[in-house]
Each structure stands twice: as C-alpha cells, then as structure tokens.
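Chemist: Mind having a look at this structure? Questions to follow.
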Amino acid sequence: MAKDVEGPEGFQSRDYEDPPPTPFFDAEELTKWSLYRAVIAEFVATLLFLYVTVLTVIGYKIQSDTTAGGVDCGGVGILGIAWAFGGMIFILVYCTAGISGGHINPAVTFGLFLARKVSLIRAVLYMVAQCLGAICGVGFVKAFQSSYYVRYGGGANSLADGYNTGTGLAAEIIGTFVLVYTVFSATDPKRNARDSHVPVLAPLPIGFAVFMVHLATIPITGTGINPARSFGAAVIFNESKPWDDHWIFWVGPFIGAAIAAFYHQFVLRASGSKSLGSFRSAANV
C-alpha cells in the first residue's frame with residue numbers, strides 16, 4: 001500500500017510496498033465465483049474483439065477489391081484496420097479490467113503469469129476462454145459474411161510473400177514485447193507512488209500500443225501478437241497456409257511476453273528499488 005513519507009526539505013514523497021506474489025497454484029480459486037466470472041468476461045471480450053476486427057478486415061478487402069467493383073482506396077485501409085484493433089482493445093480492457101484484468105490475449109496472460117500476477121489455474125482457464133471466444137467471434141463473422149469470408153482470407157494470419165520465417169518471428173516477438181511491456185507499465189501499482197502527478201488511464205496506452213504495432217507489422221504477418229486471435233481465425237478459415245505459419249503466432253508472442261516480463265520485473269523494477277533505497281538513505285542523513 002502507498003503511504004506519504006517526508007523527503008528532503010520537507011517535501012512529501014510517496015512510499016510503496018509491493019503486494020505479495022500470487023501463489024503459483026491456488027486450488028482454492030476453483031471454489032470462488034469471481035474466477036468463473038472473470039473467465040466468462042475473457043471469453044465474451046475476446047469474442048467481441050475478433051468479431052469486430054475480423055469483420056473490419058473482411059469489409060476492407062471487399063471495398064478495395066477492384067475486380068468486384070471496389071476501388072483501390074476504398075474501405076478503411078490499413079490505418080483503419082489498426083484503429084479497429086487498437087480501439088477494440090481500449091474499449092474491452094476498459095470494460096473488463098475490474099473483473100478479469102482485461103487480458104484478452106494469451107500472451108498477456110502468460111507474461112503476467114511469469115511475473116506472478118496470476119496463478120497457474122487462472123492463467124490456463126483464461127487462455128482456454130480466450131481461444132474459445134476467438135473461435136466463436138470469427139465463427140460469427142463467417143456466418144454473417146459467408147459469401148465473402150473464404151474469398152478474402154477469413155482474416156487469418158500468415159507470413160506475407162517476400163518475408164522469411166525469421167523476419168515474421170522477429171516481428172511477432174518485438175510487437176508482443178511492445179504490447180506486454182505497455183501492459184506492465186500502465187498497470188504498475190507503483191506508478192501511483194512514483195508518478196502520481198501523471199495520471200494514466202491504463203486501457204488507453206494499451207490500445208495505442210496495439211494500434212502502433214499493427215501499423216508496423218500488418219504488411220509482414222497481418223499482425224498476430226495475440227495467439228487467440230490467430231488461432232480462432234485459423235480454426236474457422238482452416239486452410240493450409242495459415243496453419244503452416246501458425247507456430248509463429250504462438251512462439252513469437254510467448255517469447256516477446258517473457259522478455260517483457262523479465263525486463264519490467266527484474267530490470268526496471270529492480271533499478272527502481274535501488275533508487276528508492278538511495279533516496280531513503282539520503283533522507284536519513
């Protein structure tokens with residue numbers, strides 16, 4: 001919890017005591033309704049996320065297909081697609097943060113699990129709910145756009161022509177690192193003590209991170225950075241190319257999330273603790 005302490009020259013500073021790590025395996029969670037409510041929230045949020053975003057992708061391809069009466073600059077364009085993904089994450093994290101933490105992404109859940117923010121049971125149930133929600137969300141898209149869904153690729157992620165596997169994997173690792181690093185930074189409770197003069201609405205930077213990463217990596221991989229998003233689209237589209245490249249959209253995001261968790265917890269937070277210790281020493285002189 002945060003508390004006020006007196007710093008040099010009488011200025012008020014804030015001290016902060018980190019909460020204890022979440023238990024690795026907490027069987028008692030299985031008896032609590034709050035866990036199942038959170039799992040349901042993750043399922044519904046991921047369903048809505050995939051429904052809106054994949055429908056946006058299909059709609060753009062319909063409107064820009066010159067062979068079917070579209071125009072080159074028709075539809076929302078890549079910028080609009082990036083806004084759809086980032087905007088939906090902003091909305092859904094805002095809606096579900098107080099219930100489930102607003103993960104909506106197995107890579108985010110994995111990173112938070114490595115940092116001991118969620119237990120193994122919660123992490124596994126979240127990932128299952130996210131993948132099932134993604135499948136259902138893309139399934140609704142196919143049901144409502146059945147005449148266009150297969151023709152325009154089903155919103156499935158795959159490596160674009162001209163890029164090798166290493167480039168695609170690197171894009172997913174770096175893109176997910178940006179996202180998960182932003183999640184850690186935006187939700188860090190220590191910010192209230194360290195940067196209380198800089199208010200942060202956590203869903204906003206997280207949504208912007210998704211938006212910016214999509215701008216950079218849509219031309220390379222279609223932008224995964226979310227294994228559930230890639231898995232749901234691959235299951236419903238069910239063509240060989242997305243499945244051949246599918247491992248990239250699990251391995252890359254999980255590596256990126258692990259690096260972000262390590263960087264934030266053991267580099268940034270460790271250096272912050274040392275700085276706080278130095279401040280205390282100076283204050284006691």
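Positions of Cβ are set from backbone N, Cα and C atoms, glycine also.
What TrEMBL says about a protein is an automatic prediction, not a curated fact.
Annotations for this protein, taken from TrEMBL, read as follows:
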- 1-17: compositional bias 'Basic and acidic residues' (COMPBIAS)
- 1-22: region 'Disordered' (REGION)
- 39-60: transmembrane segment (TRANSMEM)
- 80-102: transmembrane segment (TRANSMEM)
- 123-145: transmembrane segment (TRANSMEM)
- 165-186: transmembrane segment (TRANSMEM)
- 198-220: transmembrane segment (TRANSMEM)
- 247-268: transmembrane segment (TRANSMEM)
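Locate each feature and note its surroundings.
Modeler: Below 8 angstroms of C-beta separation, residues 74-77, 80-81, 84-85, 88-89, 92, 95-96, 99-100, 102-104, 125-126, 129-134, 136-138, 140-141, 144-145, 148-149, 152, 154-155, 228-229, 232-233 of the same chain, each at least six residues beyond the ends of the transmembrane segment (39-60), sit close to that stretch.
Tertiary proximity for the transmembrane segment (123-145) is limited to same-chain residues at least six positions away from its ends with a CB under 8 Å from its CB atoms, namely 35, 38-40, 42-51, 54-55, 58, 100, 103-106, 109-110, 112-113, 154-155, 227-229, 231-233, 235-237.
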Chemist: Are there at least 3 C-beta pairs under 8 angstroms linking the transmembrane segment (198-220) and the transmembrane segment (165-186), leaving out pairs fewer than 6 apart in sequence?
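Modeler: They are in contact.
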